[in-house]
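Annotated repeat 'ANK' per TrEMBL: 108-140, 141-173, 174-206, 207-239, 240-272, 273-305, in sequence order.
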Amino acid sequence: EEALLQGHDKTSVLADAAYRGDLQVVKLLLDKACATLRDARDGARSYTPIHEAVRGKQAEACRVLCAAAPHFVKKTYILCYAAECSTLDVCKVLIDSGASVNSKSFCGWYTPLHSAAQYQGTDVCKLLIDSGANINAKDILGFTPLHKAAQYQGTDVCKLLIDSGALIDATDGDDNTTLHSALWNKDTLACKLLIHSGANVNCKNIYGTTPLHIAAQYQDTDVCKLLIDSGALIDAKDNNGNTPLHSAARNKDTHACKVLIHSGANVNCKNNYGTTPLHIAARAGKLLTVSLLTKSGADVNIRDNSNRIALQMAQLRNHNIVARFLQQLGIS
C-alpha cells in the first residue's frame, strides 16, 4: 500500500484504480478503512472514485464502490453522468445500487433519460424506461427526452420513446415541439417518423415558426412535400409575417421554392415589413430564385413599407447581375 501511495494522496490512487478497473487496489484501499475516500472528491475535477469508475466504464469497480458508499449513490446525480458517458452495465449497477432513475443533474438541469436520449442508443434508454423513468420529464429548458432524441439521435431512440408513451407534441420553453427539433437537426427520417406518428404539422413556437418554415429554410424538399401532404398550411405566417416561401427565398438552391410554388404558395405575399419573397431573393443576390419567382408570377413592381422594389434591394447590395435581370423585365 505504501508503495502505491508514494507521492500520491489516497483519493487520487483510489480514483485512478477505479477508472482503470483495478479491483485489487480498490478493495485494498477500502479494506484499509479509507472510509472517507468513498465519496472524497478529486480537487481538480470534483469527481469521486465512483465518478471515475463510471467514466472508465468499469462496472465491477463501480459495484464495489457503490456497496461501500450506498448513501452517495442514492443522494447524487451519478446516474445522469453514467447515462451520458458510460455503458449499459454501469447504469444497471447504479440502478441496482439504489440510484434514482428520475434524479436531476447538478442544478436540476436534466434527468438520466435526457442524457441517454441525447448520447446513447436504445439499450440505456430502454433500461431507464423499464426502471420507471418519467418519459415526459422536462429539463430546465423544457425539453423532453423525445426532444433530445429528435435533435441528436434519430429514429431508433425516437421510436422507442414514442412506443413507450412519449408525448409527440410536447413543447419546450420556446414552444418548440419535437418536430421542430428534428427539423433543426435536419433528420429527415426522424421527421417522417414523427409526422407518421401524428405530430401536429401546423404547430407554432413563440416566434410563430411552423415546421414548414424550417423545412423550407433548410431546403428539405422531401419533408416539405410530406408536411404539405399532411396538411401543413402553405402560407402560414410567423410573427414577422414571413411565410415558408419567404424562408426558402433566402437560399441559393431553388428546390424548396419549387415545391412550395407548385403547391400553391402565394408568390406575392407580404410580411409585416411589406417584403415579398422576391425582395428577399433579390437582396440575397439569388439569381436562380429571382428567375423562378418572376416566372411564377412574382410582381417586380411591388413596394415594401420603405417604398422599395426588388430591383432596389439588389442594387443596395451590389448584386449587379440580379439587378440587370430585373431591369430587363421592365420596371414601371
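The backbone N, Cα and C atoms fix where each Cβ goes, and this holds for glycine too.
Unlike curated records, TrEMBL annotations are generated automatically.
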*Over the repeat 'ANK' (174-206), what does the predicted model average in pLDDT?*
95
*In the same chain, who gets a Cβ under 8 Å from the repeat 'ANK' (108-140) while lying at least 6 residues past its ends?*
79-85, 88, 91-92, 95, 101-102, 146, 148-149, 151-153, 156-157, 160-161, 164-167, 170, 172
*Using DSSP, how many residues in the repeat 'ANK' (174-206) fall into helix, strand and coil?*
16 helix, 0 strand, 17 coil
*Using DSSP, how many residues of the repeat 'ANK' (141-173) fall into helix, strand and coil, respectively?*
17 helix, 0 strand, 16 coil
